[in-house]
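*Asks:* Summarising the annotation, Swiss-Prot assigns region 'Disordered' to 1-20. Annotated compositional bias 'Low complexity' per Swiss-Prot: 8-18, in sequence order. Look at Swiss-Prot and you will find CYS21-CYS75, CYS22-CYS37, CYS25-CYS71, CYS27-CYS35, CYS45-CYS52, CYS49-CYS64, CYS54-CYS62 tagged as disulfide bond, backed by similarity to another entry.
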Amino acid sequence: SGHRHESXBSTBXASXSSKPCCBHCACTKSIPPQCRCSBLRLNSCHSECKGCICTFSIPAQCICTDTNNFCYEPCKSSHGPBBNN
């Protein structure tokens, strides 16, 4: 049914797992560059995302539509050493 994501408490102190990161980031060659992350995340976007669009599927696939002048660090580096694929 209608879940609503209220993130009033997680804005100031975001947990380490939800810190912003991006594996697929593309920037324009303009100055300053305009960078967008095309990562698909399940059920939510990263903590710094202002414009998050999710599909209505289960689980929801979410993409952040923000345009920044930088890319966040890659998410893959946060996994443990046993996760090498």
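Cβ coordinates are placed from backbone N, Cα and C, and glycine is handled just like the others.
Owing to the predicted nature of the structure, the values given are computational and were not obtained by experimental measurement.
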*Asks:* Pick out which of the disulfide-bonded residues CYS25, CYS45, CYS54, CYS62 has the most other Cβ atoms within 10 Å of its own Cβ.
*Replies:* CYS45
*Asks:* Quick one: of CYS21, CYS25, CYS71, CYS75, which disulfide-bonded residues lie within 10 angstroms of CYS64 (disulfide bond), measuring between C-alpha atoms? Sequence order, please.
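*Replies:* Among CYS21, CYS25, CYS71, CYS75, not one has a Cα sitting within 10 Å of that of CYS64 (disulfide bond).
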*Asks:* Please work out which residue of CYS64, CYS71 has the most C-beta neighbours within 10 angstroms of its C-beta, and give that one of the disulfide-bonded residues.
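*Replies:* Highest number of other Cβ atoms within 10 Å: CYS64.
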*Asks:* Please report how many Å separate the Cα atom of CYS75 (disulfide bond) from that of CYS22 (disulfide bond), as a whole number.
*Replies:* 6
*Asks:* Within 10 Å of its Cβ, which one of these disulfide-bonded residues (CYS21, CYS22, CYS37, CYS49) has the largest number of other Cβ atoms?
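*Replies:* That would be CYS37, with the highest Cβ count within 10 Å.
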*Asks:* Of the disulfide-bonded residues CYS21, CYS22, CYS49, which sits closest to CYS62 (disulfide bond) by Cα distance?
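*Replies:* Result for CYS62 (disulfide bond): the nearest of the disulfide-bonded residues is CYS49.
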*Asks:* Disulfide-bonded residues CYS52, CYS54, CYS71: which have a Cα within 10 Å of CYS37 (disulfide bond)?
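*Replies:* If one measures from the Cα of CYS37 (disulfide bond), the disulfide-bonded residues that come within 10 Å are CYS71.
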*Asks:* So which disulfide-bonded residues are near CYS22 (disulfide bond), with CA atoms within 10 Å, out of CYS35, CYS52, CYS54, CYS71?
*Replies:* CYS71
*Asks:* Which one is it: of the disulfide-bonded residues CYS21, CYS27, CYS35, CYS71, whose Cα lies the shortest distance from the Cα of CYS49 (disulfide bond)?
*Replies:* CYS21
*Asks:* Where does CYS45 (disulfide bond) sit in DSSP terms: helix, strand, or coil?
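*Replies:* Note: CYS45 (disulfide bond) is coil by DSSP, not helix or strand.
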*Asks:* Whole-number answer please: how many Å between the C-alpha atoms of CYS27 (disulfide bond) and CYS54 (disulfide bond)?
*Replies:* 22
*Asks:* Provide the number of Cβ atoms within 10 Å of the Cβ of CYS27 (disulfide bond), excluding the reference atom itself.
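*Replies:* For CYS27 (disulfide bond), the count of other Cβ atoms within 10 Å is 15.
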